[in-house]
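**Q** Structure provided below as structure tokens; questions to follow.
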Amino acid sequence: MSQAYQPDSTKTSAKTPVAPTVATLNPPKRKTLMRLLAYLKPYWWAILLTIIGFAINAATEIWIAKLLQYITDAINQNDQSKQDLFPFIIVMLFFVRGVGSFLGNYYTALVSRNLVYELRVEVFNKLLRLPSSFYLANPAGTISSKLIFDVEQVTAASTDSMKTLLRDGLTVVALMGFLLYSNWRLTLILFVVLPPILWLIRVASKRYLKLSKGIQETMGDVSHITNEVINGYQVVKNYGGQVYESKRFDVTSKKNLRQGMKVVVTNSINTPAVQLLMAMAMAVVVWLALRPAVIDDISAGQFISYIAAAGLLSKPVRSLTDVNQQLQRGLAAGESIFALLDEPEEADTGVLSPTLAGEIKLDNVSLVYPDSTVALHDFNLDIRAGETVALVGRSGAGKSSLVNLLTRTLTTSSGQITLDGMPIEDIKLESLRAQIAMVNQQVVLFNTTVFNNIAYGSLAHKTPAEVEQAAKDAFAHDFIMQMPNGYQSEIGAEGLQLSGGQRQRLSIARALLKDAPILILDEATSALDNESEYYIQKALDNIMKNRTTLVIAHRLTTIESADRIAVLDGGQIVELGTHTQLMQLHGHYAQMYARDFE
């Protein structure tokens, strides 16, 4: 197998792994709202108490207007007995009003915070079930923005808007009922301005929705840039990227600022316009009410009460106008959240949960990425159980793609992969991944203790003795015991308090503790100093015993002892054999090996 051949282009059009993106078709606005309201069903009792509370609050608005009538008439009639009661009535009225406000505000907040909790947990759990291709297609900052920013905006649509609609909506209904009861002819004039108000709200709604989507997109960009700078702070500092990153962040933040100011302008025009219409209607009502034909039929108290009730309409109407902006912003965020929740999850077609021996066979396997890049083409390789096979080749040769296929992070475009004779797609994902341990160049550690990082996830049931033995086999025990609290020491975010070699040894200890029949070492010793590499190589020798091992390496001196070495180029194996055999071929491997010593 010493000759390379060109991939047959007719075979690369097979099933292509498609990376899902967040940018899917947005559902209709009404559908989004109904879906949001469905989250409120379990809290119907709290919403009922909210309605009762705000209904009490609305009733007190009527009594405030009515009280003005009684006070005015009592003064005109010089009725001292009634006047002595008014201070007590005022105190009781505002006490009842306070009880109603408390019920409404408290239970609205209860629904709101629980909704944030439920949505956030649902989105986070959804992220755990999405395929790797989703993360390749969407920046981390955009994803985290959905979890943090969009969820809060959705809550505003579902609960804060509900609070305003109930509180001020009930107040408007109560006051309009009182006005109709007091003088229905005058009150009908107020309804004349209703059509233009509704038209203004409709126009503003479309504007708010469009701008809210723009704000969300720019917030995702802001979060993405921030994540990049935080994660790559060393590169930013070492290469003097502060000015560039500052300008990039400034441009994105200004986009967000402009979108936000457009919302302010829209709201600043819409709200006064609605208020002006209401004021015009009120002016007509007051003018007519002062006509002799009208005012002669009512007392001064009734007149004051009617005008006061009409004046009290202004604030709730303004609030109902303002809530439209909040509602549209929340609906835009809801569309974004639901688009993510509707993303197809990682497909698990498996039905088998076997205990694997570690035999791997790849038969005419091809992998084509969505951008038509051919990663593997008619790839064939048989690996015996317990055998160590090293994969070498230049960047882009297909080494990492092959590993992703074995863990089903990606799926084949064509061909077949079998483990112990079983098609890989017939094995349950949980069972498959439980029997594959990986040690990567980019070590992933979590902001918790050393113990929890080694006994991570499904390994949490392991005993302290088992964890300690794994650490000893990984040559990590000694430096762990030198830490302030030993295995219970916190290692900081991403384990940055540890050296590269120490972090790698913890990763190896985790793989040892997993005790899986198949081991994948992906550039596990690159970018390390000689002492760290010495200990890690000894640890790797321990972990590779009696396991099927795939080793991806750039430095060929680390894989000379492999049972076989596969040289990849253009997504195919161009040479296969032991180190000695490949050196005798004087082909690709020999040339790469010679370059290692130049």
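The backbone N, Cα and C atoms fix where each Cβ goes, and this holds for glycine too.
Source: prediction; values computed, not measured.
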**Q** Pick from 1-21, 568-588: which range has region 'Disordered' per Swiss-Prot?
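**A** It is 1-21 that Swiss-Prot annotates as region 'Disordered'.
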**Q** Of all the binding-site residues here, R394, K399, which one's CB has the most other CB atoms within 10 A?
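**A** Neighbour-count leader: K399.
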**Q** Within 10 angstroms of the C-beta of S395 (ATP binding site), what count of other C-beta atoms is obtained when all protein chains are considered?
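**A** If we count other Cβ atoms within 10 Å of S395 (ATP binding site), we arrive at 7.
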**Q** Do any residues, 6 or more residues outside the transmembrane segment (44-64), come within under 8 Å Cβ-to-Cβ of it, and if so which ones?
**A** 93-94, 96-97, 99-108, 110-111, 162-163, 166-167, 170-171, 173-175, 177-178, 308-309, 312
**Q** Other residues with Cβ within 8 Å of the Cβ centroid of G393, R394, S395, G396, A397, G398, K399, S400 at the ATP site?
**A** S401, L568
